[in-house]
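Down below is the structure, laid out as structure tokens.
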Amino acid sequence: MPRMSKGLPIRQKIPNVEKVILVSSGKGGVGKSTVSTNLALSLRNLGLKTGLLDADLFGPSIPKLMNLAGEPRITETGKLIPLVNYGIQTMSMGYLISEENAVVWRGLMVMKALQQLLFEVQWEDLDILVIDMPPGTGDTQLTISQQVKVDGSVIVSTPQDIALLDAVKGITMFNKVNIPILGLVQNMSFFLCPNCNHESHVFGTDGVLREASKHNLEVLGSIPLNEKICTQSDIGKPVAISDPQLAPFYASIAEKVRAKLF
Amino acid sequence: MIVVPKPNPSLTAPEPEHCPGPESENAGKEESCAGCANQSICSSQIPKGPDPDVDFINDRLSNITHKILVLSGKGGVGKSTFSSILSWALAADEDLEVGVMDLDICGPSLPKMLGSELESVHSSNSGWSPVYVTENLGMMSVGFMLPDQDSAVIWRGAKKNGLIKQFLKDVNWGKLDYLIVDTPPGTSDEHLSVTTYMKESGIDGALIVTTPQEVALLDVRKEIDFCKKANIKILGIVENMSGFICPGCKNEFQIFKPTTGGGKALADELGLPFLGSVPLDPRIGKSADNGESFLDLYPDSPASTAILDVVDALRDSVEGS
């Protein structure tokens with residue numbers, strides 16, 4: 001691993017990948033994986049060769065969301081071959097361990113495994129790689145920000161203050177490590193009753209919009225709570241490719257991301 | 001950047017950016033230690049025999065009757081929200097002394113949820129004082145040590161372990177009936193450390209929180225596997241965000257549909273107690289944001305009834321054994 005004089009690693013490009021974006025939060029459970037998956041599928045719908053990397057070693061959700069499973073094959077040079085579905089190349093810790101087994105690892109081992117997922121995957125000529133980040137601002141975030149050339153990050157949050165507290169820590173972290181923030185996504189914005197059209201702000205109102213303007217960041221999209229997003233995720237058929245009513249929410253985010261990067 | 005009340009007396013210079021922590025096993029030996037003025041101090045620590053700090057920790061924890069971990073594996077299911085409500089509920093019984101320990105070092109939510117954001121930790125000869133939310137409810141969190149709310153704690157695991165040890169060793173909880181330990185999502189350093197350090201003094205068990213959908217249950221299975229590997233008794237599973245009643249037409253919707261049977265099916269499958277389901281109520285999140293007790297403000301909500309049922313089941317399980 002090439003190092004600078006102070007002992008810190010130099011950021012490297014991931015082989016065969018043109019642009020790298022992180023979908024991050026700080027807070028758990030706001031929809032990073034759901035947004036990552038639907039965003040990746042939407043970017044692919046725009047004609048970009050897209051990859052999706054699941055950087056959550058402890059709670060890898062991408063296999064379920066993408067309806068993929070099974071041990072990846074290895075190339076002659078020992079690189080992992082991505083699993084593909086819906087036209088997207090993917091890699092996840094979830095393919096390497098069985099579903100019930102916990103990965104109970106301390107930070108150093110996490111770093112080693114992450115390095116393999118970052119640099120030893122045989123991606124095929126990707127225009128863009130979407131990295132689904134785990135919650136927090138710890139080992140995974142530090143390793144990726146130190147070792148990978150990242151072109152931008154998208155921060156996902158739900159509207160309530162508690163989630164925003166952590167999202168702002170995410171903003172602080174990216175600023176500290178000099179990773180450009182493309183914008184924020186407000187997820188679970190409100191629930192629109194399919195029966196009576198009543199708008200319920202289950203997790204608060206517009207918190208992300210307020211926070212974005214405080215930090216001079218753009219809001220890339222605002223996604224409502226809808227049963228179908230969750231049920232489609234559970235069966236591995238994300239709404240970006242299965243629900244014409246909900247797909248546009250993610251498509252518009254993809255368009256903005258593409259415009260900012262290319 | 002973190003304002004800890006007791007400065008480490010032995011360090012002579014600021015720590016390098018990727019410092020594993022002077023308390024860590026790799027202190028002085030990591031690559032990032034090269035060139036740090038403290039390296040010789042850190043690396044000259046006496047080689048490991050049994051960790052003497054464990055005795056201090058056992059001492060501190062010896063006056064605590066029941067210790068409960070709140071775990072999930074999955075983020076955002078309501079661990080901290082449930083920990084805070086559980087603490088309010090227990091502390092409502094004035095005969096009980098309750099403590100809450102926030103082990104989420106990157107995303108500490110409990111100070112805000114318990115209305116104590118602006119407090120700070122005081123230290124004295126007898127150790128760090130918990131921040132008292134009410135007379136019989138004290139808490140500790142890294143949130144109290146940050147210079148401001150936006151500050152991010154960007155630490156590797158080894159450094160977090162040091163702080164967790166200090167929470168256990170240096171906080172003067174006094175005599176407690178209940179210590180609730182809120183954890184971050186995952187099965188990493190924080191979880192390993194807290195179970196290791198508390199092993200000798202004993203953990204009554206873990207309360208597992210989940211939401212109904214399969215994507216959440218996937219992570220919860222892993223957490224349950226962790227508990228088995230770490231020999232932690234599972235007191236039960238709580239299913240949160242279980243159904244939403246539209247205030248307009250009063251119909252119920254499963255926003256996070258239990259496509260594989262939800263928490264109850266998982267509990268049945270694994271032979272674990274199912275302590276109850278709590279429905280989504282927007283006022284829960286709002287009370288948490290405002291640092292108020294949801295149970296006090298909205299005792300008539302179906303969610304309040306559900307939560308109190310879970311608390312009762314939990315107390316029966318813990319006190320009855």
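Just so you know, glycine gets a Cβ as well, placed from its N, Cα and C.
It should be emphasised that the depicted structure is a prediction, and the values quoted were computed from it without experimental measurement.
Annotation source TrEMBL lists [4Fe-4S] cluster 1 binding site at B:C19, B:C33, B:C36, B:C42. The ATP binding site annotation in TrEMBL covers B:G73, B:K74, B:G75, B:G76, B:V77, B:G78, B:K79, B:S80. As annotated by TrEMBL, [4Fe-4S] cluster 2 binding site applies to B:C246, B:C249. The feature compositional bias 'Basic and acidic residues' is assigned by TrEMBL to B:15-30. Taken from TrEMBL, the feature region 'Disordered' covers B:1-30.
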Using a 10 Å cut-off on Cβ-Cβ distances across all protein chains shown, tell me which of the binding-site residues (B:V77, B:C246, B:C249) has the largest neighbour count.
B:V77
Helix, strand or coil by DSSP: which one applies to B:S80 (ATP binding site)?
helix
Can you tell me how many other Cβ atoms are located within 10 Å of the Cβ belonging to B:K79 (ATP binding site)?
29
Among B:G73, B:G76, B:G78, which are binding-site residues, the residue with the most C-beta atoms within 10 angstroms of its C-beta:
B:G73
Residues with Cβ closer than 8 Å to the Cβ of B:K74 (ATP binding site), same chain and 6+ apart in sequence?
B:P185, B:T210, B:T211, B:V215, B:A216, B:L218, B:D219, B:V220, B:E223
For the binding-site residues B:G76, B:V77, B:K79, B:C246, return the ones with C-beta distance to chain A below 8 angstroms, or 'none'.
B:G76, B:V77, B:C246
Can you tell me how far the Cα of B:G78 (ATP binding site) sits from the Cα of B:C246 ([4Fe-4S] cluster 2 binding site), in Å?
21
When distances run from the Cα of B:C246 ([4Fe-4S] cluster 2 binding site) to each of the binding-site residues B:G73, B:G75, B:V77, B:K79, B:S80, the nearest one:
B:V77
DSSP-derived structure type at B:C249 ([4Fe-4S] cluster 2 binding site), helix or strand or else coil:
coil
Cβ neighbour count (within 10 Å, all chains shown) around B:G75 (ATP binding site):
27
Roughly how many angstrom lie between the C-alpha atoms of B:S80 (ATP binding site) and B:C249 ([4Fe-4S] cluster 2 binding site)?
31
Just counting, how many other CB atoms are there within 10 A of the CB of B:S80 (ATP binding site)?
28
